[in-house]
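What follows is a set of notes on a single structure, which appears directly below.
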Amino acid sequence: MRLGLTAALAAAAASALQSTFVSPNRDLAFALSVPDTDNTDIFFSIRAPISYSWAAVGLGSDDMKGALFLIIYRNKHRDNVTLSPRLAYGNYEPQHYPDMQYDVLPGSGIVGDHMVLNARCTQHCRSWPAADSNSGYMDVSSASGKAVFALGPRTGFGSDSPAADLQFHREFGVFSIDIKRTLGAPDPPELRDDSESVGTSLDYRRTDRREPRSSLHGSFMVFSVVFLLPVGAALRSSGRWARFHSLCQSMAVLIMLAGVATGVLASLRFQRSRNFRAHHQIIGFIVVGFVLAQLVLGFLHQRKMRKTNLPTNYGRYHRYLGVTIIIFGVLNAFFGFDLALDYKMGYTLCGFVIISVFLVLFLYLSRRGVRGRRQRQTASAADGPSTGYQPQPWREEPNPPDAPPSYEAASSQYISLQPVPSRASPWRGSDVKDGEDDQPALGGLQRPREFT
């Protein structure tokens, strides 16, 4: 009886020297206490389910800007917890703050289905670089200090790096904390399954939060590059539908430009993409440049072909560039999902592309096989006897051409030659025979030279 009472009094005394915040759905718990010493130490504890990719508490501000964030997530092997101190200078992903010094205390790690971190901060926890914000410190004598909390998406994330890339939060809020009441705590705070909020109050909370710019960017680019561009290319050789080729490609370009705009805005939200040095961003800008060049080539091709009604070099380059755009655009989509840490959508897109490629190959080979069978049937029908349609008699040729004469050897041919009687010329006498020389005899009658 006395032992139970002593334990209860000890727990009450401990809770009296710590301020505890528990979120409304009990998915995040945070406790803080400040030793009554001349140094800058503070104790803190964070607890969150392992189903969340990360959990965070920001001290010293009611907004992201100027807050010191204490972020926890599982390590690479999922058997321990990584603490990541970070500073936020705006409404974008906080950057790693390596100057904060801390010691991880016993009781930290994966406890059941929760991540638990108990730590003692020894430097740069009561003040930190604030840039142009009005924060940058924690007033340990305040009874209503401000703090923020956030929870990441439910994924299997894990890393040993304190500067690991993080996804956008799914829940966040602001709470007030009484730090003054915790002064003089000799021991770190304690968090349990039944812990309740003490010395704190919730100001507001937002749930089911997502980054719409990233979602819009991915949707626009996948729809334009993976769907519209290949469809437009197929329309070009589809007979009566070919006139919709230009319309489809123009729509794809407009949607792609909208995707570029949302992608640039989304990139500013994360440390890994703010400098626009990622492979996905570089390849993306190159592909967009190719698309604009292809649009110009298509316009020049149409204008020249209307005048000459002949193929142009613009059209050839337009086609080659289109194939390049589709190939690199689809490949770059995988880099994009990797940059967004959305591996599930990346695998989904990979499956879609593989199925589409096999479907296109199947349709192409099937069409080619049907065409080959028709050609063989036509050829065999032309070589064999005619058993089909017979033309009407009045459509037949009335006088079919005779067969050409047969060749006979020279020995069997007989040609009858007869002499042609010559007529007497005015200047030739009747007594002159054929074949005689036309020159007169010496002393004979002379004829003018023009008659010889």
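Using the three backbone atoms N, Cα and C, a Cβ is placed for every residue, glycine included.
Features of the protein shown, as given by TrEMBL:
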SIGNAL    1-16  signal peptide
DOMAIN    54-152  domain 'DOMON'
REGION    185-210  region 'Disordered'
TRANSMEM  216-235  transmembrane segment
DOMAIN    216-337  domain 'Cytochrome b561'
TRANSMEM  247-270  transmembrane segment
TRANSMEM  282-300  transmembrane segment
TRANSMEM  320-340  transmembrane segment
TRANSMEM  346-366  transmembrane segment
REGION    374-452  region 'Disordered'
Leading contact stretch, 216-235, 247-270, 320-340, 346-366 vs the transmembrane segment (282-300) - CB distance under 8 Å: 320-340
In the same chain, who gets a Cβ under 8 Å from the transmembrane segment (346-366) while lying at least 6 residues past its ends? 222, 226, 330, 333-334, 337-338
Would you mind listing the long-range same-chain contacts of the transmembrane segment (320-340), meaning Cβ under 8 Å and 6+ residues beyond its ends? 167, 214, 217-218, 221-222, 225-226, 229-230, 233, 272-273, 278-281, 283-284, 286-287, 290-291, 293-294, 297, 346, 349-350, 353
DSSP helix, strand and coil counts for the domain 'DOMON' (54-152)? 0 helix, 47 strand, 52 coil
Could you give the number of helix, strand and coil residues in the region 'Disordered' (185-210) as assigned by DSSP? 0 helix, 8 strand, 18 coil
On average, what pLDDT score does this prediction assign to the domain 'Cytochrome b561' (216-337)? 90
Secondary structure composition of the domain 'Cytochrome b561' (216-337) [DSSP: H/G/I, E/B, coil]: 104 helix, 0 strand, 18 coil
